[in-house]
Amino acid sequence: MPGSTLAHLAGFAAGAAVGALAANAFNTRRTLPASVPAVVEKTPEHKFRIIQDTSIAKEVLKYGHPGPVSDLLTRQAYVAAYDRRLRHPAWTAEHLTLSNLRPTDPSQRERGDRSKSEFKEDESLPAVFRATLKDYFRSGYDRGHMVPAADAKSSQTAMNETFLLSNIAPQVGDGFNRHYWAYLEEWCRRLTDKYSDVFIFTVPLYLPKLEADGKWRVTHEVIGNPPNIAVPTHFAKVVLTAKPVSPNQPRILEVATGAFVLPNAPISDETPLEKFLVPVEAVERAAGLIFFSEDVKQQSKNICQSTKCEVIVRRFDNAQKSLPAKPSKQVPLNTQ
Ligand SMILES: *[C@@H]1O[C@H](CO)[C@@H](O)[C@H](O)[C@H]1NC(C)=O
């Protein structure tokens with residue numbers, strides 16, 4: 001028999017064995033987590049030990065494993081999922097408190113100083129999927145922090161980590177990253193004055209637009225040469241605040257949630273923040289992500305009813321005082 005036929009038969013036999021063992025796994029599902037491969041034995045300590053990995057994944061992915069589309073990054077001041085295809089975070093998450101924003105402990109001498117940080121490519125990611133400095137150079141876009149540098153002042157390392165390009169997405173500079181978006185970031189930090197705990201998700205979005213022919217399309221730029229980093233059409237901040245209902249009952253928390261979706265475009269200073277308020281579910285639907293459990297959503301107040309949703313405008317450049325208002329885009333952010 002030619003060698004190739006033998007190889008084929010061997011493969012077939014292995015496949016049959018997998019089938020039989022998978023059935024065995026099915027029978028033991030009450031005692032084993034679903035993901036445990038089939039061939040296991042019980043140790044004298046009543047633990048299960050894998051003798052042989054016969055999972056279907058091992059068989060099917062024998063010659064190649066495409067890997068995850070996102071990398072989970074755990075840093076000192078934040079957690080993020082980096083999207084390998086878009087070359088920017090899929091989401092970032094932070095927990096802000098008064099103490100981690102402004103440590104009062106004098107022993108914490110090492111404080112993050114933004115002038116000592118610089119943008120860096122993230123070498124923990126495979127080179128082919130990395131966002132590079134060259135991609136951003138002369139792209140016309142700012143390197144927009146998803147976790148703001150000012151949220152990571154607890155140490156220089158924490159701050160440096162916000163400058164990794166895996167925490168960055170292309171943002172319009174004037175009127176957005178340097179202005180309205182920065183005001184929103186500051187509003188998020190100010191929530192710690194009123195709430196003991198503030199949780200923030202930052203999420204780049206790609207929203208479809210209704211075009212003249214009646215069809216919805218997503219169009220976005222890709223920067224770099226060759227094109228590498230996708231430019232989000234919108235950015236969302238999803239916020240959860242918590243504080244004790246009363247000082248006598250520190251364990252009973254009042255929780256509020258809210259989400260804001262802003263176009264990646266100049267926004268005039270006069271625009272009320274509430275204009276960007278959307279249901280959390282709308283961002284979840286658009287991003288393919290789930291931020292909070294049903295319980296949290298149902299039991300939380302609307303953030304703008306719990307506190308004032310109003311940004312403080314900070315203009316250091318008088319020349320740029322009046323920016324044109326952005327024509328309103330049609331964005332399908334319904335929750336149906
Ligand atoms: C922060 O980044 C700067 C600039 O790359 C570097 O010189 C410095 O050593 C870094 N500090 C820490 C604590 O990692």
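Just so you know, glycine gets a Cβ as well, placed from its N, Cα and C.
Quick look at what TrEMBL annotates:
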- 1-22: signal peptide (SIGNAL)
- 74-298: domain 'DNA/RNA non-specific endonuclease/pyrophosphatase/phosphodiesterase' (DOMAIN)
- 75-298: domain 'ENPP1-3/EXOG-like endonuclease/phosphodiesterase' (DOMAIN)
- 101-120: region 'Disordered' (REGION)
- 107-120: compositional bias 'Basic and acidic residues' (COMPBIAS)
- His145: active site, proton acceptor (ACT_SITE)
- Asn177: Mg(2+) binding site (BINDING)
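For the domain 'DNA/RNA non-specific endonuclease/pyrophosphatase/phosphodiesterase' (74-298), the model's average pLDDT works out to 95. Looking at the residue listed as 'active site, proton acceptor' and Asn177 (Mg(2+) binding site), their Cα atoms lie 9 Å from each other.
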